[in-house]
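What follows is one structure encoded as structure tokens, with my remarks underneath.
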């Protein structure tokens, strides 16, 4: 079955439940765990990354006794590894997990019905629609943003991040073997640094929009959102289709 | 001057260099190339027996800083190497011959050493107006370059001009100067970037080619890995201050006097591949960072067009005005913040009015 994550499908899934006001188990435990590990890693990476680009004021004392930038870089690299391993785990779960665990990794770009609902959601956000539709997973606009803005930026940051790491690790490192081609593609280390730095701002903008949209939708849409990513259950506020 | 078939050893013995000094040079060069002790004797054998490589040294659009670096190499023996290990058959800047006599050598070498000589190119060729902006010996330089490259075994691009274009190819590049790999596409090219490159790096590359009769191992940008596989930052003697978080904040502060890391002053060491922090300059006396100024990244492609030498972030000119990544990010953040705040306010009004409507309906 190919899923387009449209409201029709959500309605069917809802109807299939015996009780009214169904709550559906959407985000399985590994997905929720990944979300929070990932969120924490991103916050740590953004903070430490910014401090690598614009370091703290100079430390007094002997260089042999302090390791401030060293620790910040260590934190950045560790969080980067955790982020990467978590994403690999998340990819595995997309294979073995439920239908909703795959939503992050595929876009039904050929479905006209789906595109019309992207447009509908856009109008809902622009106050041109009075009543929103119901969605079990991400709504189509959120889905589009998740893949095009979040996942793309995440993969871009992992790729450029490991490419930068490979510059220090050297030519015989596995980081160079796997990611060295990105340094070549960027053409120049300084440009690669710049791209990675712009990625920080892109991710920051995503986090900002993501949190705002989650809170707003939790209040104004017809389903809950924030508790879903905590306990996995999607509850609906009314029985209308 | 010398017989073309003389070996390097024969030539330097004739110049009064002792065998002891010669062997010292071999060990030193082997060590600087990162090769084992056995290689020194292999190198000595090669330099004793093989005829010197004929080299044609062309000058295009350039400032001659590569030649200046080359002939000023502080190690006395290195100077001899430069002028005697290779059979420098043509170099219009330092050769005695002039005019037709000089230009004849080009044709002669081309015929006699077809497919064997090395073409060393300092500077690059402007392509604008059919190459009229560089016109040595009555022909556009680009023609001279193409014709000499046709019969060479390999081409060495000395310096940033030949390797990356350097200042004459910087925006707006009025003469349309291009690095030589844009002109010569069918020959192996080794790039030795730097403005200028380090003398010991130049001799190291030549010695390797003479000893092993092949090109040194190159990276993805065709630079010899032995000198360009690490960044200045990786081997910088100020690196402990970077890791400690001790930075020069102003040119005249305590940190500058104490020799702290120049990262915040825009040092390009972390993004520049070169051997300055290990080989250093002027017989290992110093290099820019040791002299208190950040690296400007002269051996990196397009270094003139990457914004200030004194800022960490590259200027981004694609948006019309020069901005760096943080300014663009903060700008986007402010605009977005304002938009979201407005959106949230309208949302709140809508939520309240919807509730009111619902209440009215329920009544």
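Quick reminder: no glycine exception, Cβ is built from N, Cα and C everywhere.
Quick caveat, the model's predicted, so the values are computed rather than measured.
What TrEMBL records for this protein:
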| type | residues | note |
| --- | --- | --- |
| TRANSMEM | B:21-40 | transmembrane segment |
| DOMAIN | B:63-208 | domain 'NADH:ubiquinone oxidoreductase-like 20kDa subunit' |
| BINDING | B:63, B:66, B:161, B:195 | [4Fe-4S] cluster 1 binding site |
| DOMAIN | B:228-309 | domain 'Cytochrome-c3 hydrogenase C-terminal' |
| BINDING | B:233, B:236, B:261, B:267 | [4Fe-4S] cluster 2 binding site |
| BINDING | B:276, B:295, B:298 | [3Fe-4S] cluster binding site |
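Of all the binding-site residues in the list B:233, B:267, B:295, the shortest Cα-Cα distance to residue B:63 ([4Fe-4S] cluster 1 binding site) is found for B:295. Cβ packing within 10 Å was compared across the binding-site residues B:63, B:66, B:267, B:298, and the lowest neighbour count falls to B:63. For the pair formed by residue B:295 ([3Fe-4S] cluster binding site) and residue B:267 ([4Fe-4S] cluster 2 binding site), distance between Cα atoms is given as 5 Å, rounded to the nearest Å.
On the backbone, the CA of residue B:261 ([4Fe-4S] cluster 2 binding site) and the CA of residue B:276 ([3Fe-4S] cluster binding site) stand 16 Å apart. Inclusion criterion for the binding-site residues B:66, B:161, B:195, B:236: a C-alpha placed within 10 angstroms of the C-alpha of residue B:276 ([3Fe-4S] cluster binding site); this criterion is met by B:236. Taking only the Cα positions, the spacing between residue B:236 ([4Fe-4S] cluster 2 binding site) and residue B:66 ([4Fe-4S] cluster 1 binding site) is 24 angstrom. Listed in chain order, the residues near the [4Fe-4S] cluster 2 site other than B:233, B:236, B:261, B:267 are B:232, B:238, B:239, B:242, B:262, B:263, B:269, B:270, B:289, B:294, B:295, each with its Cβ within 8 Å of the site Cβ centroid.
Looking only at Cα atoms, residue B:195 ([4Fe-4S] cluster 1 binding site) sits nearest to B:298 among the binding-site residues B:233, B:267, B:298.
When the binding-site residues B:233, B:267, B:298 are ranked by how far their Cα is from the Cα of residue B:66 ([4Fe-4S] cluster 1 binding site), B:298 comes first.
Mean model confidence of the domain 'NADH:ubiquinone oxidoreductase-like 20kDa subunit' (B:63-208) amounts to 86 (pLDDT, 0 to 100 scale). Using the Cβ center of B:276, B:295, B:298 for [3Fe-4S] cluster, the list of other same-chain residues with Cβ within 8 Å runs, in sequence order, B:194, B:232, B:268, B:269, B:272, B:274, B:287, B:288, B:289, B:296, B:297, B:299. Residue B:233 ([4Fe-4S] cluster 2 binding site) and residue B:298 ([3Fe-4S] cluster binding site) have their C-alpha atoms 14 Å apart, to the nearest angstrom.
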